[in-house]
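Trainee: Provided herewith is a single structure, encoded as structure tokens, for subsequent inquiry.
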């Protein structure tokens, strides 16, 4: 089997008892399965939920708390306990486990995004096992990942994983909810995620998680767009993860992306970066960036809207005021207004240009379809 870089996402429902407490027997089973993956030569990154489940009983809650403050308090206690269990068990197999806590803000800020990438690459290089969870103690409702489902997809793209395994208590994707429709058909394989499946995914599943199939389907769609194949389903037994990689998993396989990986800079621009302004361009510039893969030059800019600095990200509009792309500018809005519509040689006479391009093609992502059809 070809050596792969694999992201394993374990949801709360797969790590807990019926009462919602952390199930150490289940955790031990996943540890053994991951150890076998590593022995087979694969690189593994673990995205693990379970901090709230591990901590709420220690604080005297009879059941999993439902308030944000309660969840954050339970996570503050539980994250340390969860990592302690993982580190002790992986240590028995000679594996160093490393903890990373992330929030959406870590993805939105380019410096923090790049730092997360560098840290993960160094850990893999050193043979450590990164264990990632959302920083539940500081996250707020608007910035959460949905039981780490979307977090696992974004991390998979960031580190150029070959496969994302989203493990849950349901054995795959169905054409209807199998809990309410006994004759629901399970999909063994899907080449893509149809839009209608996002609408029928349902809400949060068990009372110990925040994901549900809808968030898993959305995460799978994001991972596919980043060039990562996806498995959604169950994994029971120490050889379960190896079975998944060999095509014998108990769940649904999604996608066959091949080599469609997008670099981390373009991923950040497309998925995470805040937009600071708008640059409108003419038909010639639109054709150059859309059809010919070229950079945006000052000559193609017809107007500038908003206030931004060099290094900020802007939307690029065509003459019909449609968003066609998103890119990281090399000039401030003030500088760009001085040189818009000018050829590069003329622009250099007006302001000091570090580069000829307003937006280099390596910092530009086409977004016409995903933005204009929404």
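Quick reminder: no glycine exception, Cβ is built from N, Cα and C everywhere.
On a predicted model such as this, the values are computed, not experimentally measured, just so you know.
Below are the features I grabbed from Swiss-Prot:
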| type | residues | note |
| --- | --- | --- |
| BINDING | 9, 168, 169, 210, 211, 212, 213, 214, 215, 216 | ATP binding site |
| BINDING | 49, 136, 148 | substrate binding site |
| DOMAIN | 276-354 | domain 'PUA' |
Trainee: Which residue counts does DSSP give the domain 'PUA' (276-354) for helix, strand and coil?
Mentor: 26 helix, 23 strand, 30 coil
Trainee: Listing them in sequence order, which of the binding-site residues 9, 169, 213, 215 have their Cα within 10 Å of that of residue 49 (substrate binding site)?
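Mentor: Those near residue 49 (substrate binding site) - Cα within 10 Å - are 9, in sequence order.
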Trainee: Helix, strand or coil at residue 49 (substrate binding site), per DSSP?
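Mentor: The residue in question, residue 49 (substrate binding site), is coil (DSSP, three-state).
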Trainee: I'm trying to understand the geometry here, so how far is the Cα atom of residue 169 (ATP binding site) from the Cα atom of residue 148 (substrate binding site), in Å to the nearest whole number?
Mentor: 15
Trainee: Work through the binding-site residues one by one (49, 148, 215) and point out the residue whose CB has the fewest other CB atoms within 10 angstroms.
Mentor: 215
Trainee: For a quick check of understanding: among the binding-site residues 9, 169, 213, which residue's Cβ has the most other Cβ atoms within 10 Å?
Mentor: 9
Trainee: Using DSSP reduced to three states, classify residue 215 (ATP binding site) as helix, strand or coil.
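Mentor: DSSP call for residue 215 (ATP binding site): helix.
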Trainee: I need the CA-to-CA distance for residue 215 (ATP binding site) versus residue 148 (substrate binding site), whole Å please.
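Mentor: Here the two Cα atoms are 9 Å apart.
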Trainee: Whole-number Å distance between the CA of residue 148 (substrate binding site) and the CA of residue 9 (ATP binding site)?
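Mentor: Each residue's Cα considered, residue 148 (substrate binding site) and residue 9 (ATP binding site) end up 8 Å apart.
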